[in-house]
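Okay, structure first, notes after.
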Amino acid sequence: MNPQNGKLSILEKVGYGAGDTASNIFYQAFNIVLFYYYTDVWGISPIVVGWIYLGARLWDAINDPLMGIIADRTQTRMGRYRPYLLWLAIPFGLIGFLTFASPGLEGSLKIIYAASTYTVLGMIYTAINVPYSALMGVMTPDTEERTILASYRFVGAFSAALIIGATVRPLANALGGGDEVLGYRLTFALLGGLASLLFIFTFLTTKERLAPEKAGADTRVGRDLKILLKNTPWIIMAFAGFLTLSNVAIRAAVTFHYFKYYVGDTGERYFWWMDLTSFFLSTGSIAFIVGILFTNILRKKFGKRNSLIGMTLLNALVTILFFFISPDNIAVMLIANLLGSFFAGPTPALVWAMYTDVADYGELKYGRRTTGLVFSSAIFAQKMGLMIGGVLSGWILGWVGFVANAEQTPGSLMGIRVMFCFIPGAFAIANGLVLFLYPITEEQVLEMEEELNARREARESGEGAIQPQ
């Protein structure tokens with residue numbers, strides 16, 4: 001392929017999307033399953049779970065930016081970012097399995113095991129997902145193709161959400177034969193193997209095309225960090241990402257609790273092989289995937305920024321209105337979930353396409369492309385959102401008197417409902433308002449693309465180096 005024509009094959013797009021299926025097998029497990037697994041299956045106090053989440057995410061303050069810096073300085077014959085998909089595919093699947101393996105420990109040993117495996121899983125997730133995310137920025141210079149690639153990515157991501165939502169509880173029940181601990185252990189053994197295979201498939205089907213800087217280029221870490229902190233669009237996107245994942249994390253953490261204790265899902269079959277919770281999650285994932293398919297249509301009609309703001313605020317409205325649905329009105333609950341998920345569908349693809357624009361902005365303005373650092377710091381900001389969501393979930397449940405596997409008080413039920421509706425809705429509204437500050441227009445994106453392509457052609461022909469504006 002000519003590096004400047006920018007067009008990718010269907011196989012390469014599908015291969016790239018498969019990588020986010022791999023990532024999201026455990027990312028969705030973080031969001032949807034793990035909090036419930038710790039509190040109701042393994043019997044850890046929700047307040048302790050909050051502290052586990054806090055400790056793991058504080059370590060990410062070092063781990064995430066460091067991984068971006070390392071990835072930006074990696075040079076191999078396989079590329080700068082792709083090799084990590086091969087090197088870490090099997091460790092990623094293995095530690096994911098161990099996180100849900102629960103080896104019969106009690107007391108403080110149980111807490112130490114949970115904290116250790118969760119922290120290591122977060123580290124390996126970062127080490128493989130940062131290069132994977134940055135890979136999109138060097139596969140093609142074409143902004144439209146990147147948006148399409150991001151759509152494939154998030155079809156892959158929410159295919160994983162569909163897998164987790166539709167299969168984890170039924171599989172755990174079937175494989176465990178009534179033993180939830182055994183059921184979750186065997187289920188995540190299968191899912192860990194699948195995640196490893198998918199990352200290897202992504203490695204085999206993708207290619208890096210935007211050449212790294214020549215040997216001898218300025219690779220000072222301090223310079224890269226200063227450039228990043230001067231990048232106003234990155235600061236806005238990082239803050240928006242923090243708010244987004246705070247919203248997602250706190251709602252996802254109590255989804256199982258909401259249906260188990262408020263709606264009254266006892267785990268009995270509701271539709272086909274799924275109980276009500278699994279059906280709710282899987283149909284929401286399908287609506288999300290349908291929403292993703294409209295990403296490029298929205299981008300062309302309204303631009304990435306305006307589309308992201310609109311979809312975020314519509315999703316916030318549906319999330320808040322969910323509070324007023326009675327627990328026996330399942331049909332309305334499912335319809336509201338379909339609407340909210342559809343509105344949310346285009347947002348991740350738009351966000352990650354905008355991050356490639358942010359990387360282009362930094363290269364154009366400061367003469368240095370730090371794609372890995374842009375994406376790793378973005379992932380760090382999002383993990384801080386996950387931390388806040390997870391910590392708040394644990395602490396609020398403890399504060400309202402939640403007791404696992406027992407009848408809940410009116411206060412604890414109200415706490416679960418507020419966490420499922422009002423708090424995530426408030427985070428989503430704040431996110432939409434912050435995005436109004438994002439300064440890069442679609443016209444500027446096209447101008448940046450043209451200028452950077454000209455610079456790269458000059459660099460490849462030896463006529464000049466990239467110079468800041």
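Think of each number as a place in line: the chain as shown, counted from 1.
Just so it is clear, glycine is given a Cβ too, placed from its N, Cα and C backbone atoms.
What TrEMBL says about this one:
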DOMAIN    1-442  domain 'Major facilitator superfamily (MFS) profile'
TRANSMEM  35-54  transmembrane segment
TRANSMEM  84-105  transmembrane segment
TRANSMEM  111-132  transmembrane segment
TRANSMEM  152-172  transmembrane segment
TRANSMEM  184-204  transmembrane segment
TRANSMEM  234-259  transmembrane segment
TRANSMEM  271-294  transmembrane segment
TRANSMEM  306-325  transmembrane segment
TRANSMEM  331-352  transmembrane segment
TRANSMEM  373-396  transmembrane segment
TRANSMEM  416-438  transmembrane segment
> Based on Cβ pairs under 8 Å, which of the stretches 111-132, 184-204, 306-325, 331-352, 373-396 lies most in contact with the transmembrane segment (84-105)?
Replying inline: 184-204
> Counting Cβ pairs under 8 Å that sit 6 or more residues apart, are there three or more between the transmembrane segment (373-396) and the transmembrane segment (184-204)?
Replying inline: no
>> Short question: most Cβ pairs under 8 Å with the transmembrane segment (35-54), which of 152-172, 234-259, 306-325, 331-352?
In response: 234-259
> Near the transmembrane segment (306-325), which same-chain residues lie under 8 Å Cβ to Cβ, leaving out any that are not at least 6 residues past its ends?
Replying inline: 244, 247, 251, 291, 295, 298-299, 332-333, 336-337, 339-340, 343-347, 350-351, 354, 417-418, 420-422, 424-426, 428-429, 431-432, 435-436
